[in-house]
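Asks: Take a look at the following structure, please.
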Amino acid sequence: MMVLRVEELVTGKKNSNGAAGEFLPGEFRNGEYEAAVALEKQEDLKTLPANSVKQGEEQRKSEKLREAELKKKKLEQRSKLENLEDLEIIVQLKKRKKYKKTKVPVVKEPEPEIMTEPVDVPRFLKAALENKLPVVEKFLSDKNSPDVCDEYKRTALHRACLEGHLAIVEKLMEAGAQIEFRDMLESTAIHWACRGGNADVLKLLLNKGAKISARDKLLSTALHVAVRTGHYECAEHLIACEADLNAKDREGDTPLHDAVRLNRYKMIRLLMTFGADLKVKNCAGKTPMDLVLHWQSGTKAIFDSLKENAYKNSRIATF
């Protein structure tokens with residue numbers, strides 16, 4: 001077996017015995033591979049450092065040019081604020097973008113309260129006040145009376161009317177609650193609805209047959225109560241339902257007397273618009289106009305007193 005030297009394998013030359021490296025590929029013969037490798041190494045040693053430095057500088061220059069071009073394009077693309085309309089458009093776009101980003105919190109509806117245990121009277125009355133319909137329904141479903149009351153003879157209907165809990169009022173009336181049930185001061189449900197300023201409840205009560213002329217212990221009608229408490233919508237509805245504009249309470253005061261005494265301008269205008277009597281006298285012999293003059297003179301006296309005191313204080317300060 002013929003043994004070849006490494007030199008002969010690389011160069012492809014014949015050995016001393018005259019055997020040729022015929023098994024080598026053609027491009028590796030006659031020393032071409034060796035010469036090519038040597039030349040390649042020499043070229044690398046000469047050109048690599050210079051080329052790498054040059055390429056790095058060119059790359060940095062091109063990056064700077066690219067950045068400058070991008071900045072120029074961005075400046076050109078920016079909208080110019082030529083008028084207030086442009087500014088308003090930009091503000092609206094920013095608001096819209098901010099609105100899209102903000103997440104709307106999902107509010108979970110409270111689960112309906114399931115009542116299993118019996119409900120006593122105090123809890124039932126409190127539930128009517130606090131608008132807890134399941135508690136009220138449980139009490140009524142156990143065949144209890146809807147007209148149970150507290151120590152002041154106030155029923156669940158009175159409490160619900162005061163707070164304006166329409167669903168509970170409807171439920172109590174379906175269960176047979178008495179609309180004309182009177183508390184210790186002989187107020188009925190419509191008195192309590194007007195006291196709370198709940199026009200929707202008042203309308204429901206009147207539609208169900210509540211007496212618009214009902215009076216309490218002070219002989220006040222629901223219109224008296226609405227005027228005193230300043231609930232305009234309730235007073236307006238009562239007048240539309242033909243409530244007595246000139247009804248007198250125990251002191252002989254009409255709703256207009258009360259409106260003037262409490263200086264409720266809108267109520268005065270409402271009552272006068274629908275024909276309230278300006279000349280009717282109360283038990284003290286005073287008409288609504290007399291009360292106006294009395295109020296004006298009283299106010300004038302207060303202002304005169306304040307002016308006089310201010311004048312005296314200013315004279316003392318000068319000494």
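From the backbone N, Cα and C atoms, a Cβ is placed for every residue, glycine too.
Take a look at what Swiss-Prot says about it:
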| type | residues | note |
| --- | --- | --- |
| REGION | 46-65 | region 'Disordered' |
| COILED | 53-89 | coiled coil |
| COMPBIAS | 55-65 | compositional bias 'Basic and acidic residues' |
| REPEAT | 152-181 | repeat 'ANK 1' |
| REPEAT | 185-214 | repeat 'ANK 2' |
| REPEAT | 218-247 | repeat 'ANK 3' |
| REPEAT | 251-280 | repeat 'ANK 4' |
| REPEAT | 284-315 | repeat 'ANK 5' |
Asks: Which residues, given as numbers and ranges, are at least 6 beyond the ends of the repeat 'ANK 3' (218-247) yet have a Cβ under 8 Å from it?
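Replies: Distal contacts: 185, 190-191, 193-195, 197-199, 202-203, 206, 212, 253-256, 258-259, 262, 264, 266-267, 270-271, 274-277, 280.
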Asks: So which residues does the repeat 'ANK 4' (251-280) touch in its own chain, when a touch means Cβ under 8 Å and the partner is 6 or more beyond its ends?
Replies: 221, 223-224, 227-228, 230, 232, 235-236, 239, 245, 286-289, 291-292, 295
